[in-house]
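J.: One structure is given below, represented as structure tokens, and several questions about it will come after.
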Amino acid sequence: MARPRHLRGLGMCITAVLASFIAGFTVGWFIKPLKETTTSAGYHQSIQQKLLSEMKAENIRSFLRSFTKLPHLAGTEQNLLLAKKIQTQWKKFGLDSANLVHYDVLLSYPNETNANYVSIVDEHGVEIFKTSYLEPPPDGYENVTNIIPPYNAFSASGMPEGELVYVNYARTEDFFKLEREMNINCTGKIVIARYGKIFRGNKVKNAMLAGAMGIILYSDPADYFAPDVQPYPKGWNLPGAAAQRGNVLNLNGAGDPLTPGYPAKEYTFRLPVEEAVGIPNIPVHPIGYNDAERLLRNLGGAAPPDKSWKGSLNVSYNIGPGFTGSEYSRNIRMHVNNINKITRIYNVIGTIRGSTEPDRYVILGGHRDSWVFGGIDPTTGTAVLQEIARSFGKLVNGGWRPRRTIIFASWDAEEFGLLGSTEWAEENAKLLQERSIAYINSDSAIEGNYTLRVDCTPLLNQLVYKVAREISSPDDGFESKSLYESWLEKDPSPENKECPRINKLGSGSDFEAYFQRLGIASGRARYTKNKKTDKYSSYPVYHTIYETFELVQNFYDPTFKKQLSVAQLRGALVYELADSVVIPFNIQDYAKALKNYAASIFNISKKHDQQLRNHAVSFDPLFSAVKNFSEAASDFHRRLTQVDLNNPIAVRIMNDQQMLLERAFIDPLGLPGRKFYRHIIFAPSSHNKYAGESFPGIYDAMFDIENKADPSLAWAEVKKHISIAAFTIQAAAGTLTNVL
């Protein structure tokens, strides 16, 4: 019986890979002994240099210009047309396959006939002030249609009315301050919070837990306006009428809210919308800082507790609740009329078949959808991905082929909760867990123009450093230096000043399902701002209509050299992972990281030294497991350096041990309340999805433990998660031992 079309997914994309597996594997592994000589090592390096020199800044510029002319929101016709354009180009570049893979997911849009806004109402219910509905279009885009107005996707609909309370960034600690120290109750109130510091979905969750009946989000100039820079279009700062779009889900890795854990195909069972995962039950709406100033101007109540609660608007930043003076009797009313509907989205999946190990995959993926034009997010990443695919295609057309299969992915609906990438990961989980070497993310290539930023698994640290040394720095004053040298000088690691900083992976982009759920080694790289001096959040015009091609060309990267460096780094990582005989992971770096993370979580626990003794909580099993892992890693590294490269079975065994190590840190039961976050060593912070947390089970169990109702139960939970972490690390160490 023919396989149903809708079940093909990855299989449709790599039919040639699987069909040639027996021949390729047999010929590559068993008939021809591997000849790893100086010549072949030199050949490997020469191909990498060809790849890097093939990439051109002007091509990235052209792709960015082409892809940002029109809005391409997930689920729209324009984004499908862009998917087809990318598919056509990949085929032209010489990829072996390029296919559209669709899913039917829940998306959220504003009501076209019933606008979202916030108003101030008098004692008679008359609206005396209304926030703006649209952002003024930038120069040259006045006639562009289908621009979605600012909104927060998946906000509940409704018209709550009540007193206003200012809650700073709506972080957990902000609500603790209000409730525990200032005795301010947010129950039944509408709260207003600044964007920044944490993921907006966490802000909404915190507001719900505090009992608020609605939350207004705005970008304060203190967080989104750099000193001495003009607002767009004269500079790259945020105009006062601009508002940041974004989803406010708390999916915790679930993917499509109606099909958590399973791909959203035609045959899939769906939850009723009222049972959908992660959707807030209160209205949420974003506004610009001009409108926010009007709402905050006459807030009464307590003064801000300290200067960290004050932004840069010309207001007192009083907390409320409610207004003072002539506006004493007035309230806030929210009008939110979003519509949630099941919508078809499209990923583009392309492949270059591996010559020797076609059943081993290296994935390079980035999202295509944007809120409006996507000048930075994501289309600098899309343009970079396109140039990498073109350059690999050029090598293939010249007769080269990677040792392992390379999969290119253009994801849809990332802005709606990482949906396209997660659904594809769910549909192909069994294949990916068995065969994937690594996932490299290709979201925005820039978020600033100061230096490189890398977040990755410790397995990739040394490879990142290696390829960064082989790429020229694009930075002014470093013309004869490498990317590694400029990165090291500008952002050294706080733990080791002799190496550049590499961050832990959190979430917020499409690597999430691959790393946090499936345990596939993952990494991301982009150019960023100077975090020591630039205190604004993200980049000022993030997720607004002013993210245009001109923003990038005129201000962020006029030469496109920063994006070229990112393309070369991402491309070189993919090349090394796909074509090196021995997978270029460094397991000893994982051992060092575990040692540091164990010491860090233990130091946090020392704040509760007496309680640790009272409840007989010991970290000894964790330290013992880390020690055993370190010894196993050292022994594995020794054997890896001695492996007979002419023995393909020996190489394959050790490569598989490396490939599967990240998988060994996966707990099938997941973290408490977050079952799709299954990595025991790393997870997004429970209080900020964007940030990575180490030993998240232990950390979450200890968070605010002094205020838990039952201390014995709370400390028992800490013991449990120390035990889980110790077991997992010990089991991972076991996977590194010599094969019997």
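Keep in mind that glycine also has a Cβ here, set from the backbone N, Cα and C atoms.
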J.: Figure out which of N247, N461, N596, N738 sits with R200, E414, S507, G508, R524, A525, R526, Y542, H543, K689, Y690 in the substrate site per Swiss-Prot.
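T.: Swiss-Prot names N247 for this substrate site.
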J.: Given that Swiss-Prot lists H367, D377 as binding Zn(2+) 1, which residue among D291, D306, D443 does it place in the same site?
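T.: Swiss-Prot names D443 for this Zn(2+) 1 site.
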J.: For the Zn(2+) 2 site that Swiss-Prot describes with D377, H543, which of these is also annotated: E415, E423, E495, E498?
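T.: Candidate in the recorded Zn(2+) 2 site: E415.
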J.: May I ask for the distance between N111 (N-linked glycosylation site) and E415 (Zn(2+) 2 binding site), taken between their Cα atoms and rounded to an integer number of Å?
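T.: So the alpha carbons of N111 (N-linked glycosylation site) and E415 (Zn(2+) 2 binding site) sit roughly 18 Å from each other.
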J.: Residues with Cβ closer than 8 Å to the Cβ of N185 (N-linked glycosylation site), same chain and 6+ apart in sequence?
T.: E179, G211
J.: Beyond the listed site residues D377, E415, H543, identify every same-chain residue whose Cβ lies within 8 Å of the center of their Cβ atoms for the Zn(2+) 2 site.
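T.: Nearby residues not in the site list: R245, G246, S370, W371, G374, P378, Y542, E547.
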J.: Taking only the Cα atoms, work out how far N628 (N-linked glycosylation site) lies from E414 (active site, nucleophile), in Å, as a whole number.
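T.: If we compare the Cα positions of N628 (N-linked glycosylation site) and E414 (active site, nucleophile), the gap is 39 Å.
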J.: Using E414 (active site, nucleophile) as the reference point, find which of the binding-site residues R200, H367, D443, G508, H543 has the shortest Cα-to-Cα distance to it.
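T.: Of all the candidates listed, H367 is nearest in space.
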J.: Which one is closest to N314 (N-linked glycosylation site) in space, judged by CA to CA distance, out of the recorded positions D377, A525, N603, H679?
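T.: Minimum Cα distance from N314 (N-linked glycosylation site) across D377, A525, N603, H679 lands on D377.
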